[in-house]
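Here is what TrEMBL records for this protein:
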DOMAIN    A:291-457  domain 'Helicase ATP-binding'
BINDING   A:Cys519, A:Cys522, A:Cys559, A:Cys562  Zn(2+) 1 binding site
BINDING   A:Cys528, A:Cys531, A:Cys546, A:Cys549  Zn(2+) 2 binding site
DOMAIN    A:554-708  domain 'Helicase C-terminal'
Amino acid sequence: MNDHKRVARVFVDVPSQQTDRPFDYEVPTAMRDEVEVGSRVRVPFGPRKLLGYVVAFAPVSDAPRLKPILEVLDLVPPLTPELVSLARWVAQQYLCPVITALHAMVPAVLKGRYQRICRVHPDFAEEDLLPEHERELIRQLREKGEMSPEQALKLPRVSRFLLRRMAADKRIIIEERAGDRVTRKTVIWVGAAKTSEVLRREAKALPAQARRQKEVLQYVADHPDPIPLAQLLTETGAVHATVKRLAEKGLLTWEEREEYRDPFGGRSFERTEPLPLTPEQHQAYDAIAEPLKRREPRTVLLHGVTGSGKTEIYLQAITETLNKGRQAIVLVPEISLTPQMVRRFKGRFGDDVAVLHSGLSDGERYDEWRKIRSGEVRVAIGARSAVFAPFENIGLIIIDEEHESSYKQEEQPKYHARLVASKRIEAHGAVLVLGTATPSVESYYQARTGKLEWVTLNQRVHGRPFPQVDVVDMRNELRGGNRSIFSRPLKQALMECVDRGEQAVLFLNRRGYSTFVLCRDCGKTVECPHCDISLTYHRTNRTLRCHYCGHAEPVPQTCPSCGSSHIRYFGTGTQRVEEELARQLPGLRVIRMDVDTTNRKGAHERLLTAFGEGKADVLLGTQMIAKGLDFPKVTLVGVIAADTMLHLPDYRAAERTFQLLTQVSGRAGRHERPGRVVVQTYTPEHYSIQMAARYETEPFYIQECRLRKQHRYPPYCGLFTILLSHTDKGAVMQAGMRTVRGLQPYMPEGAEILGPVPAPIPRIKDRYRLQVMIKVPPHTDEWNGLTEKLRSLSFLLGDDELRVSIDREGI
DNA sequence: AGCACGCCGACT
DNA sequence: GTCGGCGTGCTC
């Protein structure tokens, strides 16, 4: 019956090139019903026992004798066959081992933990005959019960060799434990095991001093249905042991139930009803509902201006998906996965929603994931990794703010959720919705060339006008003698806004522009000794810190390079802006939101709530306030420095600036009162700033595409960026040259290889960084072995000192 | 990745 | 002579 399951192909948990292929194992008869494609198993691998995933079943071959699978680890396989094949695609696409891709799809608790331990062999007793250092080891092992080999090696004269020999001589045992880190939360439920009459009778029969037991019995007789033990204890005032005693007498049921941890602390969410759609919204809705009906894979770019009501369209499209008996995934950028956002989805779909975000503990995350896997919920909402939600019948995937860079994972596998999602909808015949006011240039290009459906929403709900955007040239301000952070127009607007009793949001884009320390005499900044980057000044503990390696040092009294004492704090951190505000506009109530003030759990929400309740006039913050905020009283948005990221060495700099300004402008005047935006910049003539200010979306994308085409960047090419790093400057240079030379013969027709050049940050944590870029024509089919070559490169750890990481972007 | 095996110099 | 270091090669 299960004959086809006699041999399982397994990827084992060793991320190396040599082991990046399936290994065959015999499936013992008893496991054949249990094991599936996607099962997590424990297998012998050489001398070790490892975790692995079954990816296929193989025809029976009698040639080599196969080792058996030792254990199937989960009742329900964590992965579906679709996800297993997706993992192989991800590995192929992003040049990583298949096991790494598989691990990316499951919650951390399933990644297993290996620990090796040494303990004394149970049959061994004659330690008196051993040399001193071995006797000491045995003594310590006896005392502690067990030790890790690492601990043992710290003892004098204990080497790996010695441990091996002692194991061979049956003096000690070295064991490997592969196991779950799963900590399911179990709750004990207690109910009546007998009828209420019996319980009452038993209660009477108890001796008088068993008062608590009588009370408990009485309570359970009145409420015979099982309730959590903790609840019973608070209701009756009894203690754990009392109830346990009664259970042991067979009067009460005692049952351990697995429980989901509730990250929302039992908060209930107010139910919301669908809102009527405007004609424009309706059209957008139809563009989604139509292909959904036909079960055709389809991508829809929902290009809607800020405030055009995209979320309501999402909600109704999800409802339609659920009505069709299918499931939906909603991806949102981590930063906007706020309680406000969650509330909207929970409000419509209640317990049908699982939420996956980084604030959850591993255990909580696992619980939410299990709800998805078991089919208990039909909607999954989360950040990037939720794209791997293990649903079996997906109808809809929504990516909100699709242009956000956080959809790209920075660690291996370095996937982009948008591309993974488009792969998944192919498998499910589902619809992918890309929602944004400012599409990524890639998505815009695809829409333009007809590769995806393009729906625009040009009207704001209730027809609110767009705020007027004033661009202020800070060079003029400087010439006019204003050397403060605030231009006169911004200061003026702020005062007026507050006088009217309205609120303002001040946005400070910190990237590449935080406070640093500069010597006025020699012009040098204080740099990190381990990284090629200036240190940033943190007022809270008066230190200079490196944001890349965490190095911290006290603020120098004199310039480290010239000894001058004319040291100046430069740049504009949020703290600095806050102080400046206090000085220039005393009495203003300011809420500051940045990493420092939102570190603590729930701080984010608390600050926003306070602002929403009008407890401050100004909300001052970084990136995190650019998205999704919707406060009726906000009528002014100020951008302190619009061009800070324009000068970063990144071909997306203009795109990012345009997106950010457009998003930020969307925060003003969303309700009755008209809004206004003041943008401060040193480069007011730049097209990204000009066009954002005039809401010239279309012209911006046309211009940007023209430049990308001209300079050959995505979407007009595919791009591999190889980053090499090494502690030795010469060595990394050599590796770079070698890499380019080695890759040259594999370049497909029309591809070019650039570099090696120093990476944008040439040194981090004492490692020198070099970059090689490969541009390939879009839609390349003739790879000429390039990807295989790159793959082996990505596995190469060389002399251990050399590290390689490869990014893939573009088409 | 680990962990054999195996070859080679340097200590009791 | 063994001890201990490090370079290959293999894991169903």
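Each residue, glycine too, has its Cβ placed from N, Cα and C.
On the structure: features taken from TrEMBL.
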residue	record	CB count, 10 Å
A:Cys519	Zn(2+) 1 binding site	21
A:Cys522	Zn(2+) 1 binding site	13
A:Cys528	Zn(2+) 2 binding site	24
A:Cys531	Zn(2+) 2 binding site	21
A:Cys546	Zn(2+) 2 binding site	20
A:Cys549	Zn(2+) 2 binding site	17
A:Cys559	Zn(2+) 1 binding site	21
A:Cys562	Zn(2+) 1 binding site	12
Three-class DSSP secondary structure - A:Cys562 (Zn(2+) 1 binding site): coil
Separation of alpha carbons, A:Cys549 (Zn(2+) 2 binding site) and A:Cys519 (Zn(2+) 1 binding site) (Å): 23
By Cα-Cα distance, the member of binding-site residues A:Cys522, A:Cys559, A:Cys562 nearest A:Cys528 (Zn(2+) 2 binding site): A:Cys559
Additional residues surrounding Zn(2+) 2, by Cβ distance to the A:Cys528, A:Cys531, A:Cys546, A:Cys549 centre under 8 Å: A:Pro529, A:His530, A:Ile533, A:Leu535, A:His547, A:Tyr548, A:Gly550, A:His551, A:Ile764, A:Lys765
Per-region confidence, the domain 'Helicase C-terminal' (A:554-708) (mean pLDDT, whole number): 84
Between A:Cys531 (Zn(2+) 2 binding site) and A:Cys562 (Zn(2+) 1 binding site): CA-CA distance (Å): 20
Conformational class of A:Cys549 (Zn(2+) 2 binding site) under the three-state DSSP mapping: coil
Alpha-carbon distance [A:Cys522 (Zn(2+) 1 binding site); A:Cys549 (Zn(2+) 2 binding site)] in Å: 26
